[in-house]
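Peer 1: This is the structure, below, for whatever I ask next.
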Amino acid sequence: MNGTEGPYFNVPMVNTTGIVRSPYEYPQYYLVSPAAYAALGAYMFFLILVGFPINFLTLYVTLEHKKLRTPLNYILLNLAVADLFMVFGGFTTTMYTSMHGYFVLGRLGCNLEGFFATLGGEIGLWSLVVLAIERWVVVCKPISNFRFGENHAIMGLVFTWIMAASCAVPPLVGWSRYIPEGMQCSCGVDYYTRAEGFNNESFVVYMFVCHFLIPLIVVFFCYGRLLCAVKEAAAAQQESETTQRAEREVTRMVVIMVIGFLVCWLPYASVAWYIFTNQGSEFGPLFMTIPAFFAKSSSIYNPAIYICMNKQFRNCMITTLCCGKNPFEEEEGASTTASKTEASSVSSSSVSPA
């Protein structure tokens, strides 16, 4: 066991005070200083302040501009919805509880916060997987005469919600459970204990394999094949400056997408697996809190990578924010026209995140 276990909680083992109090009833300032809880609350406020506008704006701009309502963009809207789930279901709750220094909302609140935060995170995770598959299918054309349409896009959305629910619902019905984690003011899946009757061992293995390793393999495979296809298309044309520039742009986008995926999920999954496989080892409350920051901050950098990097989305956002006029339209239009001719086969429009 990695700490002091109580009814539906587990206080981390590294606790120099020797005090153990229920995180549902008492402030946990004996674990870390009140300043750390204030910093956590401020960080959550920052995520809300930035994450809500950029994700809400994504939905609003798509509704306002008909040209954005294409099947390939459906998954990006799904990603924005997932981020809003995390903002309202996770960040607001954590900000409120961190101001009190413990999970003041009780056991029911812990279940709700853990569920919505996990659901939003998993929808986001599987949206990135579906996004990679869609780009691979559209660019690499592994299926001849296949035309990606609205029905395929809707199937992709349904798939993300099914996979997310298959991860977020089981802890509510007895396969594992949601408990306060890290600094004890936010809730997540129980990686810490092997509590009798909850089958935590099998659920953690299931989560690690089906909701981390498999998505990771799929993302690497799809983007790896996509890069190969882009390089082959570039090699088949004359090695002109425009072709090389388009190839570099696509490569840069793919690398950023993969790095964003790893930054989001690798720290959290690695630490959770370490805690689970090293029962009895000592770790402090910050050991699990800090990796969770990376996963939570995806609500900001996912839109930046997958939406703001896309010229069409970016131009429409600027037009909306500037009351119907884009002051940068001429510059971007000129640069787009200059690079369209010879680089059409490696055009980033099929690869970029929209």
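Any Cβ shown, glycine's included, is placed from N, Cα and C.
Sharing the features that Swiss-Prot gives for it:
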DISULFID  CYS110-CYS187  disulfide bond
LIPID     CYS322  S-palmitoyl cysteine
LIPID     CYS323  S-palmitoyl cysteine
TOPO_DOM  1-36  topological domain 'Extracellular'
TOPO_DOM  62-73  topological domain 'Cytoplasmic'
TOPO_DOM  97-110  topological domain 'Extracellular'
TOPO_DOM  134-152  topological domain 'Cytoplasmic'
TOPO_DOM  174-202  topological domain 'Extracellular'
TOPO_DOM  225-252  topological domain 'Cytoplasmic'
TOPO_DOM  275-286  topological domain 'Extracellular'
TOPO_DOM  309-354  topological domain 'Cytoplasmic'
TRANSMEM  37-61  transmembrane segment
TRANSMEM  74-96  transmembrane segment
TRANSMEM  111-133  transmembrane segment
TRANSMEM  153-173  transmembrane segment
TRANSMEM  203-224  transmembrane segment
TRANSMEM  253-274  transmembrane segment
TRANSMEM  287-308  transmembrane segment
Peer 1: Other than its own, how many Cβ atoms are within 10 Å of the Cβ belonging to CYS187 (disulfide bond)?
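Peer 2: Here the count is 33.
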Peer 1: Give the distance between the Cα atoms of CYS187 (disulfide bond) and CYS322 (S-palmitoyl cysteine), rounded to the nearest whole Å.
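Peer 2: Counting only the Cα atoms, the answer is 40 Å.
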Peer 1: Per residue, counting other C-beta atoms within 10 angstroms of the C-beta, which of the recorded positions CYS110, CYS322, CYS323 reaches the highest number?
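Peer 2: By the 10 Å Cβ neighbour count, CYS110 comes out on top.
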Peer 1: Through the lens of DSSP with three states only, how would you label CYS110 (disulfide bond)?
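Peer 2: The three-state answer is helix.
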Peer 1: At an 8 Å Cβ cut-off, counting only pairs 6 or more apart in sequence, do the transmembrane segment (253-274) and the transmembrane segment (111-133) clear the bar of 3 or more pairs?
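Peer 2: Yes, the transmembrane segment (253-274) contacts the transmembrane segment (111-133).
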Peer 1: For the transmembrane segment (37-61) and the transmembrane segment (153-173), does the number of C-beta pairs under 8 Å, pairs 6 or more apart in sequence, reach 3 or more?
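Peer 2: Contact criterion not met.
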Peer 1: For the transmembrane segment (111-133), what are the same-chain contacts with Cβ under 8 Å, counting residues 6+ beyond its ends?
Peer 2: 75-76, 78-79, 81-86, 88-90, 93-94, 105, 156-157, 159-161, 163-165, 167-169, 171-172, 178-179, 186-189, 211, 215, 218-219, 222-223, 257, 261, 264-265, 295, 298-299, 302, 306, 353
Peer 1: With DSSP as the yardstick, break the topological domain 'Extracellular' (174-202) down into helix, strand and coil residue counts.
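Peer 2: Output for the topological domain 'Extracellular' (174-202) reads 3 helix, 8 strand, 18 coil.
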Peer 1: For the transmembrane segment (74-96), which recorded stretch in the set 153-173, 203-224, 287-308 gives the largest number of Cβ pairs separated by under 8 Å?
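Peer 2: Looking only at 153-173, 203-224, 287-308, the most contacts with the transmembrane segment (74-96) come from 287-308.
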Peer 1: Cβ under 8 Å to the topological domain 'Cytoplasmic' (134-152), counting only same-chain residues 6 or more beyond its ends: which ones?
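Peer 2: Contacts of the topological domain 'Cytoplasmic' (134-152) (Cβ under 8 Å, skipping residues fewer than 6 from its ends): 71-72, 74-75, 221-223, 225-226, 229-230, 350-351.
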Peer 1: Compute the C-alpha separation of CYS323 (S-palmitoyl cysteine) from CYS110 (disulfide bond), stating it in Å without decimals.
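Peer 2: One finds 42 Å between the Cα atoms of these residues.
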